[in-house]
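If you check TrEMBL, you get these features:
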type	residues	note
TRANSMEM	A:30-52	transmembrane segment
TRANSMEM	A:72-95	transmembrane segment
TRANSMEM	A:129-149	transmembrane segment
TRANSMEM	A:169-188	transmembrane segment
TRANSMEM	A:208-226	transmembrane segment
TRANSMEM	A:232-251	transmembrane segment
DOMAIN	A:249-277	domain '4Fe-4S ferredoxin-type'
DOMAIN	A:278-307	domain '4Fe-4S ferredoxin-type'
């Protein structure tokens, strides 16, 4: 059998969804982004917590961000049963799929990845080291929230107020996602006025500059390294990435359909998952199940679905 | 997926569902305590929706 015939047979076995996943994903991201900003369309805020990176205090936000709810729960010294349940359910069922298909910050990073600049890659050890930023953010936010919560429990809300801008959701003071989707909007709406807004926010000048600086670093990184925030900084992404090891939904590779190992899937992957290192299920903590590898694979060796 | 991962999934889902139930029950307890602390006037306002449109012969 000639090589061409072999190729034709393999191609005929490819699923019909090939090369369409990106379009479906972008439409899904846009629809979910619209729903998350439902106040624009007259929707109401709902008591729903989602494991996504989107500021709860955003001007049109309809839901709670999971990590923000976790911090807020600790600052009022309550055990965050609901947040843990939401992370557990989403994580065990879908792994990091919400990062790739629903997260507004993910959509924002995807848009930045279309800027025509040559994308850079990092080595595996560097990738692993850089992920420790997310661990640092998680530990900082949760420990600080717990300290505030203990003060609140002992001395009431006055003790919590003493923490000023850090009092409710500590990480939101520096969070670049909050800066993009909430802070910048409010600053543009109200202006930078020391007498009004500044007085409410305490050391607003310092923290304004600090968060703009952090945002600028993130913007440069996500332009050069696709989904850099997801990979190295995002606390929600890090928590969900842990569940990728055993999540019900995820990517599967059929090595029988991958005789050449052309590596196109790894080149297409925006988060540098070493796909060909896996034998069956792709369980890398960076994988957002975005499906770029499925679109790129000429042999139809990759599939997304349930893998129990 | 191997057996160890299946066990992890089952344990994670069990804990998540248990915590979800605890959270729902806790919110119900909070709602109940809020309702029981209501004054007579607040209860009337709260229930006014049920009586909207009906004749009130006692008034």
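Every residue number used here counts from 1 along the chain in the order it is shown.
The backbone N, Cα and C atoms fix where each Cβ goes, glycine too.
The DSSP breakdown of the domain '4Fe-4S ferredoxin-type' (A:278-307) into helical (H, G, I), extended (E, B) and coil residues amounts to 5 helix, 7 strand, 18 coil. Across the domain '4Fe-4S ferredoxin-type' (A:249-277), the DSSP tally of helix, strand and coil residues reads 11 helix, 5 strand, 13 coil. Averaged across the domain '4Fe-4S ferredoxin-type' (A:249-277), pLDDT for the predicted model comes to 90.
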